[in-house]
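Q: What Swiss-Prot records for this protein is below:
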- ASP66: active site (ACT_SITE)
- GLU125: active site, proton acceptor (ACT_SITE)
- HIS64, ASP95, GLU154: Zn(2+) 1 binding site (BINDING)
- ASP95, GLU126, HIS339: Zn(2+) 2 binding site (BINDING)
Amino acid sequence: MKTIELFKFMISAKSQTPDDGGLLDFIQNYLDDFEAIRVDVEGVKNLFLYKKFSQGDHLCFAGHVDVVPAGDGWDSDPYIATERDGYIYGRGAQDMKSGVAAFVQAIKDTKHFNGTLSLLLTSDEEGEGTYGTIEVLNYLRDKSMLPDFAVVAEPTCEMVFGDAIKVGRRGSINGYITLRGKQGHAAYPEKSINPINLIAPKLANMAGVDLDNGDEFFSPSKFVITDIRAGMQVTNVTPNELKMMFNVRNTTLTSQKEIREFVEKNLEDLDYDLRLTQGSYPFKTDTKTKLVKNIDASIEQISGIKPKHSTAGGTSDARHMAPLGIDVIEFGVINDTIHAINERTTKDEVKKLYEVFKHLIDTWK
């Protein structure tokens, strides 16, 4: 089986999160000369394969086989790899069955490596992610088996293949504000305390405000209001309280402390509660490490392009690796149709991705 054939086969597996569509069993059998560890938790399937070729570094390729729901409106069956107009269409074509197929085949074709090669796959990345990659990493940590370096094959390229790798990600902090007032009749506003009136003049100083200036790798942390609601959906009663939710994709320059201080500064004269939760923490891999230098060289060798180092976009499972001391980057195909109707990629991109990963493995030292 070659890369494109493997890629098409993977698309045909209906692996809507957290279902793996049988892919983890298939891949385990496909790489039957690798040692296998299964860490299946609460219905989530996780697979770790490893093989020590020689003394040296431990390099891991990681990803997920689950996909988001396909939805309606596709021009072809989202679970049949369909070639049309120079593209291969199917759910997961970009995110991220192309990446998984590329590194699985690259590993399959490897006879020699300067160290240990491994593969980490989960069926729970697009969903909650609670019992996915993090469970495998915790197991490996307890067994002193964590990799030194990791490549997550998420789709990272923006305009052309090879133009970007992720060397980090912003964190994500969610905020929940409850602002208290005093309910009353709309005809007698002087007898009530309307929380809508209280918050209205404050919003201009909060919505969309940059909380830091960012740096050469991170765009500024921005205060993004995502929901405001109050009242009982009637016209003659003013609300007793208002609830507001917000999100901050934070850099390493902004933490919960700075966000709390920002809210307190703007709402200091109001009666409110604030709750913050950390969805993920920001991280950045040193761009001078062996991993970044080697992947840059492999991408440039195959694509002729020197990739930029980016931290843009949402979160990925790489966020679980960095805090454990693993040098991690992300690299994959163009990401312009991820989670979209008629998701697609090209044969050329998938083949080149395989070649990049194979070159990285073959030249690692």
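Placement of Cβ uses the backbone N, Cα and C atoms for every residue, glycine included.
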Q: Neighbour count first, Cβ atoms within 10 Å, every protein chain included; then name which of HIS64, HIS339 tops the list of binding-site residues.
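A: Checking each of HIS64, HIS339, the winner is HIS64.
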Q: Once the DSSP letters are reduced so that anything not helix or strand counts as coil, what is HIS64 (Zn(2+) 1 binding site)?
A: strand
Q: Near GLU154 (Zn(2+) 1 binding site), which residues of its own chain have a C-beta under 8 A away, given they sit six or more steps off in sequence?
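A: Set apart from GLU154 (Zn(2+) 1 binding site) by at least 6 residues yet with Cβ under 8 Å, we have GLY63, ASP95, MET96, GLY99, LYS166, SER316, ALA318, GLU330, PHE331, GLY332, ASN335.
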Q: If you measure ASP66 (active site) to GLU126 (Zn(2+) 2 binding site) at Cα, how many Å is it?
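A: Here the two Cα atoms lie 7 Å apart.
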Q: Look at each of the recorded positions, ASP66, ASP95, GLU125, GLU126, and point out the one with the fewest other Cβ atoms around it within 10 Å.
A: GLU126
Q: Any idea what the Cα distance is from GLU126 (Zn(2+) 2 binding site) over to HIS64 (Zn(2+) 1 binding site), rounded to a whole Å?
A: 8
Q: To the nearest whole angstrom, state the Cα distance for the pair the residue listed as 'active site, proton acceptor' and HIS339 (Zn(2+) 2 binding site).
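A: Distance (Cα to Cα, whole Å): 13 Å.
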Q: What other residues of this chain sit with their CB within 8 A of the center of the CB atoms of HIS64, ASP95, GLU154, the recorded Zn(2+) 1 site?
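A: Everything else in range on the chain: GLY63, MET96, GLY99, GLU125, GLU126, VAL152, ALA153, PRO155, SER316, GLY332, ILE338.
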